[in-house]
Structures are given as C-alpha cells and as structure tokens.
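So that you can see what the record holds, here are the features copied from Swiss-Prot:
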ACT_SITE  E148  active site, proton donor
BINDING   C34, C118, C216  [4Fe-4S] cluster binding site
BINDING   H63, H96, H146, S244, S245, N246, S289  isopentenyl diphosphate binding site
BINDING   H63, H96, H146, T186, S244, S245, N246, S289  (2E)-4-hydroxy-3-methylbut-2-enyl diphosphate binding site
BINDING   H63, H96, H146, S244, S245, N246, S289  dimethylallyl diphosphate binding site
Amino acid sequence: MPPTVNMGIPGASRSIVENLKRKRVLLAEPRGYCAGVDRAVETVERSLRKYGPPVYVRHEIVHNRHVVETLERAGAVFVEETDYVPEGAIVIFSAHGVAPTVYAAAAERNLRTIDATCPLVTKVHNEVKRFARNDYDILLIGHEGHEEVIATAGEAPTHVQLVDGLAAVQQVVVRDENKVVWLSQTTLSVDETMRIVERLRQRFPKLQDPPSDDICYATQNRQVAVKAMAPECELVIVVGSRNSSNSVRLVEVAMGSGAGAAYLVDWAKDIDPAWLAGVTTVGVTSGASVPDILVQGVLKWLAERGYDVVQSVTTANEALVFALPREIRSAH
C-alpha cells in the first residue's frame, strides 16, 4: 500500500519517505471523473446499448479526447449543431448544457433529445432565469466561447454580460447598481474568480453573490489537492485535454501554488523526458473529465524512469452520484 500524505481527512496519517532524495510521485486525491462527467458518459453508453448506433451527441460529451474517441468507436456521432442530426433521430446534449434556442431547433426537426447536462450547470441556468425574471443585470464570470458559458448566457441573453478576466471588469455597464448579481462558469479557478468578484465589488458595492457556489465541488476539490502538493513538486503533470477548462485551470493553480513547472498532457506519450531533468518529486493529477486509465498510464511511464514511490495527497473524499436521465435509466 503506497504511503499517504493526508492534507484534510481527519484521522489519516502522514508517512515519510525514508530517503528524501528518492524519486517519488505525489498523486492528488481527488482527481479524475466527477459525478457530472460520470453521468454524461454513462448516458451515451446506455443510449448506445438501448437504441443501438448511431446515437448523435451535440458537441463533445465531455472535453476529453480519449473519452470522445472511445465513444466514437462504439457508435456515437459527435456533431456541432442539431442541423447535422437526421430528422427524428436521437440527440444527446453534452454535460456543458444548451441554450433554449437549441431545444427549439431540435423540436422543429422532431429530434428525440436526452439531456446529459451536469445538474450543477443546470443549477446555474436556473439562477440565471430567476434573476432575469427579477430584472437583474447578471455578470457571468467565464471564458468567452466556452460551451457552458454560451449555454448559460443563452437562458437570458438580454440580462447577461460576460466578464472574461480582470480586464473585462471596466467594460461592464449596468442599469441599476442595486440590482446586480454575479454568477460563474462551474469550472473556473476559485482564486481567479474571487479576484474578479473583488474588482467587480469595488465598482458595484451592492453586487449580490450567487445563492450558493457556482464553481462546482469537483473543480474546487481538485484545485485544493493540487495546492496541497504543489509546493513539494519540482514538476506537476496534469492529465487532461487542452479544451478542458478545469484541466487548464489545474496547471495554472499548480504554478501559482509553488510547483517548479506544470504541464498538461492527454496521454503518457505526451510527456517530454526533458521535463524530468533534476526532478525528484513529480505531482500527478487529472481533470474532471479524465478516466483513471490515463493517469495509470502516466504512473507506469514515470515508474519506468525510477519514480516508483507513489504517495497519495488526500484533501477530500467524494461520494456524490447524480441520477441518470429518465430516458435511459432502465438501460444496462
């Protein structure tokens, strides 16, 4: 059983490597699949079993190349818009959510829809609708062009303004400073988001907070684990795809928390051996849309190069499970 470095679970122990010079890996816990991703991927898998291929999916079901390619081989067809789906066919909406206009377009073509939107994204959609009904200006902190942001803003486009970074704060214009609320994309850096909120509040002192955290539990947990291990790491390897917002944020968090270097890789083969020069401790984690088989591939690659001591850095335990969409709950 590998030694454990526990940074947040009561009653757990911290084992010390006898030879501190020995090459080692710090493995972040939690990492990888979150409840929303697990639900979305299983939705596609069960739909393929229930209805048979092809099953159409609007956009990548989650932002991970391995997952998408695996589902494509099983018969999933990924399309950018519902226009590419044959009339009357089944289409699954990705974990990132869709705007009401997408539902309307699907209905016009008699498509049978299955919604794999993460329930935590749906929560933000509901917040947008509620604040829009009360005629608030909604400042949505997020990344321009990200599918989740497009979908969330689409719930109330006349009320939502995107705030993409600190520089965008100065461009915000509101109608009534007493009726302003901020919401956020679920996969952002917690620290960066709060810096933006602080700047917004300097401009709008009566800025309201969301009813509850919009940044999801899994995003926060993975960032906390990286923060805990980064100061001890000369190198952090984040397994994840470049179009995965939460994976990219983990690289940023690692660098901002004291790691000597941090890189994003899809697979073990993407690792440059030159990164290991002079490195004793390597941190490893993965984004919320990454299956653990890819992390195991990285650990094997590192072990072959002498990094054969693996210590878990545990900051939280996760047990959340979301119910599947009703259309496929009976499929096994």
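Cβ atoms are placed via backbone N, Cα and C, with glycine included.
In the shown protein chains, 25 other C-beta atoms lie within 10 A of the C-beta of C216 ([4Fe-4S] cluster binding site). Taking a C-beta cut-off of under 8 angstroms and a sequence separation of 6 or more, S245 (isopentenyl diphosphate binding site) has the following same-chain neighbours: H63, H143, H146, E148, Q185, T187, L188. Comparing Cβ neighbour counts within 10 Å across the binding-site residues C34, C118, the minimum falls on C118. Per Cα geometry, C34 is the residue among the binding-site residues C34, C118, T186, C216 nearest to S289 (isopentenyl diphosphate binding site). Residues H63, H96, H146, S244, S245, N246, S289, recorded as binding isopentenyl diphosphate, reach a greatest CA to CA spacing of 15 Å. Listed in sequence order, H59, T117, C118, V121, H146, E147, E148, A151 are the same-chain residues six or more apart from H96 (isopentenyl diphosphate binding site) with CB atoms under 8 A from its CB. Taking a C-beta cut-off of under 8 angstroms and a sequence separation of 6 or more, S244 (isopentenyl diphosphate binding site) has the following same-chain neighbours: V62, H63, N64, T187, G287, A288, S289, V290.
In sequence order, A35, G36, V37, A95, P119, L120, V121, T186, T187, Y217, A218, T219, A288 are the same-chain residues whose CB sits within 8 A of the CB centroid of C34, C118, C216, the residues recorded for [4Fe-4S] cluster being left out. DSSP assigns H146 (isopentenyl diphosphate binding site) to coil in the three-state reduction, placing it in neither a helix nor a strand. Of the chain residues outside the isopentenyl diphosphate site list H63, H96, H146, S244, S245, N246, S289, V62, E147, E148, T187, N243, S247, G287, A288 have their Cβ within 8 Å of the site's Cβ mean position.
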